[in-house]
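Taken from TrEMBL as is:
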DISULFID  172-179  disulfide bond
DISULFID  259-264  disulfide bond
DOMAIN    50-288  domain 'G-protein coupled receptors family 1 profile'
REGION    332-352  region 'Disordered'
TRANSMEM  35-58  transmembrane segment
TRANSMEM  70-92  transmembrane segment
TRANSMEM  112-128  transmembrane segment
TRANSMEM  149-169  transmembrane segment
TRANSMEM  189-210  transmembrane segment
TRANSMEM  230-250  transmembrane segment
TRANSMEM  270-290  transmembrane segment
């Protein structure tokens with residue numbers, strides 16, 4: 001066991017692998033690189049804030065505690081962590097990379113693979129839930145909440161296991177000829193295995209949606225109401241955006257497997273493909289809130305509260321002789337504004 005992990009803390013191993021797979025080592029911190037770094041961090045901050053607002057909205061409103069929205073919340077959680085992982089990956093890239101130990105490098109790259117796995121499994125869970133809802137299959141039973149939570153927990157455990165395989169031993173330390181060019185401490189076979197698993201899952205998801213649409217268009221299409229069909233359209237858009245964003249990155253990883261070392265210069269630009277893939281985590285919350293009026297209202301509520309608080313503070317400072325009346329008025333308006341929990345208000349508002 002000691003010999004297997006003896007090189008994990010060696011400060012020279014990462015440089016050795018990058019020297020073998022890369023033609024040149026770009027270690028200069030140029031102004032353009034610093035600007036790109038700042039832009040990426042800002043985008044990742046937006047990813048974290050957007051998905052955090054979605055998670056808060058799903059958690060605080062019992063209307064969103066159905067299976068569908070819990071799985072969407074799980075997807076938002078994976079997108080939020082993807083934003084955090086990409087910030088860490090960006091800050092620890094460039095010149096910093098060559099100073100990392102292998103265990104630090106595995107943690108950096110493994111976090112990205114874990115969040116990607118969680119996103120893929122969330123999409124699979126959503127597809128299964130939509131198939132269950134459309135086909136009217138009795139799957140969950142009386143303890144459906146417990147089973148949904150177990151399914152979400154299982155998806156994260158599988159993601160952790162899949163992303164943690166390299167640090168557990170499936171890497172190319174000591175076997176330079178087996179190394180990936182894009183990910184120089186990962187073996188090409190591991191990269192191919194992960195891309196294959198994700199591709200098979202995505203194909204299964206597409207097959208499920210084709211099956212769902214066939215059911216909807218059949219003579220039994222009356223099983224799906226307008227809201228169900230609208231929600232189906234939303235998750236189909238989410239799936240389509242995921243495929244569009246991640247297809248270039250999957251393609252570059254497949255090319256990495258096929259190309260001998262230093263024979264495909266495009267592999268040295270792989271970070272652009274992964275940056276494009278990260279846009280998926282930015283777009284998903286936009287899709288949710290654009291397609292659902294109720295979710296949009298709930299997501300924007302914290303922002304409205306902040307703006308209202310700023311407005312009240314401004315009125316306090318602007319008219320010192322009339323402080324009590326605006327405060328009472330604002331308070332009563334808030335009580336009136338928060339009445340929408342009544343069934344009359346909620347009914348028919350979702351246009352997912």
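For all residues, glycine too, the Cβ spot is worked out from N, Cα and C.
Counting residues 6+ beyond its ends, the transmembrane segment (230-250) has Cβ neighbours under 8 Å at 68, 72, 75, 116, 119, 123, 126-127, 130, 134, 195, 198-199, 202, 205-206, 209, 212, 216, 224, 270, 273-274, 276-280, 283-284, 287-288, 291-292, 350-352 in the same chain. For residue 259 (disulfide bond), the count of additional Cβ atoms within 10 Å of its Cβ stands at 17 [all protein chains shown]. Here the disulfide-bonded residues are 179, 264, and the one whose Cβ sees the fewest other Cβ atoms within 10 Å is 264.
Long-range C-beta contacts of residue 172 (disulfide bond), restricted to its own chain and to partners at least six residues apart, with a cutoff below 8 Å, comprise 17, 178, 179, 180, 184, 185, 186, 187. Same-chain residues lying 6 or more positions outside the transmembrane segment (149-169) and placing a CB less than 8 Å from one of its CB atoms are 4, 8, 70-71, 74, 103, 106-107, 109-115, 117-118, 121-122, 124-125, 185-187, 190, 194, 197.
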